[in-house]
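As recorded in TrEMBL:
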type	residues	note
ACT_SITE	65	active site, proton acceptor
ACT_SITE	133	active site, proton donor
Ligand SMILES: Cc1cn([C@H]2C[C@H](O)[C@@H](COP(=O)(O)OP(=O)(O)O[C@H]3O[C@@H](C)C(=O)[C@@H](O)[C@H]3O)O2)c(=O)[nH]c1=O
């Protein structure tokens with residue numbers, strides 16, 4: 001079976017759900033999730049500066065992250081396991097400002113998300129997972145920031161029932177102290 005790249009632009013413009021190139025045979029499979037020319041031919045200008053992976057246990061939440069400076073577009077794929085991945089449009093001049101969308105990314109479905117610059121990104125880990133990131137900008141620790149996963153004004157509906165309830169969440173100390181959406185709007189209005 002051979003599956004070609006497939007690009008679907010989402011309602012949050014500039015974000016894409018992407019099926020990678022995939023071929024299998026009696027040895028197993030082959031996945032190509034990035035090619036600069038194929039991306040350009042489909043209207044996506046995404047040149048890589050950094051690639052990294054996160055390894056997470058079921059119940060982990062990493063959300064909702066972005067860099068306040070050196071904005072980082074990223075191509076995200078769950079290499080193994082299952083995450084519920086959420087993107088949030090944080091572009092103040094966008095008609096979908098403040099809106100979120102969620103997607104099941106699994107090792108099996110191989111779906112990738114192209115998260116544009118000026119978006120927040122995060123996920124809830126439904127099964128032990130490895131997630132890969134192919135970034136258009138390097139990590140910039142001083143600008144590392146985020147909005148609380150449970151911010152009421154954004155209102156992300158996380159499927160906590162799939163991890164046995166919100167009380168089972170595993171969250172970093174940093175992610176317990178992120179800003180509110182209301183604070184984010186004050187920061188960008190001052191710029
Ligand atoms: C993200 C990142 C972290 N680090 C360091 C900082 C820290 O010591 C350690 C773990 O960092 P964090 O706790 O911030 O990792 P994590 O919570 O996994 O952060 C990630 O979350 C997801 C949702 C994203 O979208 C990513 O862009 C990134 O923000 O790794 C880097 O050196 N380079 C990086 O690119």
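Residue numbers in this text run from 1 along the chain shown.
Cβ from N, Cα, C; glycine included.
TrEMBL: automatically predicted annotations, no manual curation.
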Candidate with the highest Cβ count within 10 Å, taken from the active-site residues 65, 133: 65
Cα separation, the residue listed as 'active site, proton acceptor' to residue 133 (active site, proton donor) (Å, whole number): 13
